[in-house]
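As recorded in TrEMBL, the features of this protein are as follows:
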ACT_SITE  His252  active site, proton acceptor
BINDING   78-80, Ser107, Gln128, Tyr130, Thr156, Lys228, Ser250, 283-287, 306-307  FMN binding site
BINDING   Arg165, His252, Arg255  glyoxylate binding site
DOMAIN    1-357  domain 'FMN hydroxy acid dehydrogenase'
Amino acid sequence: MDQIVNVDEFQELAKQALPKMYYDFYNGGAEDQHTLKENVLAFRRILFRPRVLVDVSKIDMSTSILGYPISAPIMIAPTAMHKLAHPEGEIATAKAAAACNTIMIVSFMSTCTIEEVASSCNAVRFLQIYVYKRRDVTAQIVKRAEKSGFKAIVLTVDVPRLGRREADIKNKMISPQLKNFEGLVSTEVRPNEGSGVEAFASSALDASLSWKDIEWLRSITKLPILVKGLLTREDALKAVEAGVDGIVVSNHGARQLDYSPATITVLEEVVHVVRGRIPVLLDGGVRRGTDVFKALALGAQAVLIGRPIVYGLAAKGEDGVKKVIDMLKNEFEITMALSGCPTIDAITRNHVKTENERPHSML
């Protein structure tokens, strides 16, 4: 593993390690995959305004989310079915998160049970959920998460239907039986044509889900509720009005609506209307420590890492996941030092320049 120098190199290792169907499932985006590329490229168009002659002999990357301290503003995004990447699945990912002192958001579509993940190691964990047509299924899993010591619920709100992922359709992606749902609902779908994941989603997901359902969710759990999948100031305002405890600016890793904006390009409009009332997190396209810094400068409290975690897991198991997080942390630490920011609080909007800001010298 010594020769790996950045997170992107894990993607190539994962491609070699995984069957094509599974690699394509993790790697793919919707339709033309325009947003998939833009999520990464949009970060590259943001430039730094580094400050010099600041004492950066000690760098403190630590922060806290919903009052839970983490070693750096880098969390693990919810991604489905980790056992397709590695036999230890979400347990390996959870152990790596605990070792790196960060928060893992466990996917509703995990291949290890909530209880298995909870008992694997001691750490702060959140659970991501979908609302199924059968509300009792969602309600039971939320209650189990609460009982297992999960600290928050992250409701994904951008999947009234599954986006069109053409690689999965071509590969006839199989949806395996997920252990969390055993005895509740069958998730094993092998369609004659098309994607099994899509076939399961269309049968299970509730397309009628709306803002009033936040009330329903609050009625079944005492845990804080974050909503994941917002891209506009209008929806951010509605989220605050609905009394949620946090927002994740996300386009679902570009797997839902193609030609939706790269998340980093809409982060500021969300941050402006939220006005610090609740935390705003971001996922989508984070591949470097510089990206973490840019997201924080534009108002995010932390970023969530999705695909790179899965690639690290596929390539090297628990150690691979740790290595991915450690690489991002190291790059982030260097970026803070070279930008003149010894602490997270020192990172300001003034430290970056986005592409729509004209140079003042033109005036």
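Backbone N, Cα and C atoms are what each Cβ position is placed from, and that goes for glycine too.
Computed from a predicted structure; not experimentally measured.
With Gly284 (FMN binding site) as the anchor, the candidate recorded positions are Arg165, His252, Arg255, and the one with the nearest CA is His252. Per-residue pLDDT, averaged along the domain 'FMN hydroxy acid dehydrogenase' (1-357), amounts to 94 for this model. Ranked by CA distance from Thr156 (FMN binding site), the recorded positions Arg165, His252, Arg255 have His252 at the top as the closest. Comparing the binding-site residues Pro78, Gly284, Gly306 by how many other C-beta atoms lie within 10 angstroms of each C-beta, the top residue is Gly284. Over all protein chains present, the Cβ of Ala80 (FMN binding site) has 18 other Cβ atoms lying within 10 Å. Neighbours of Val286 (FMN binding site), defined as other CB atoms within 10 A of its CB across all chains, total 28. Taking the mean position of the Cβ atoms of Arg165, His252, Arg255 as the glyoxylate site, the remaining residues of that chain whose Cβ falls within 8 Å of it are Gly28, Gly29, Ala30, Leu162, Gly163, Gly253, Ala254, Gln256. Recorded residues Arg165 (glyoxylate binding site) and the residue listed as 'active site, proton acceptor' have their alpha carbons 12 Å apart, per Cα-Cα distance. Between the alpha carbons (Cα) of Gln128 (FMN binding site) and the residue listed as 'active site, proton acceptor' lies a span of roughly 12 Å. Of the binding-site residues Gln128, Thr156, Ser250, Ser250 has the largest number of other Cβ atoms within 10 Å of its own Cβ.
In this structure the residues listed as binding glyoxylate are Arg165, His252, Arg255; their two most distant Cα atoms lie 12 Å apart.
The number of other Cβ atoms within 10 Å of the Cβ belonging to the residue listed as 'active site, proton acceptor', over all protein chains shown, comes to 24. Neighbours of Arg165 (glyoxylate binding site), defined as other CB atoms within 10 A of its CB across all chains, total 24. Cβ neighbour count for Arg255 (glyoxylate binding site): 22 (other Cβ atoms within 10 Å of its Cβ, all protein chains included).
Cα of Pro78 (FMN binding site) to Cα of the residue listed as 'active site, proton acceptor': a distance of 10 Å.
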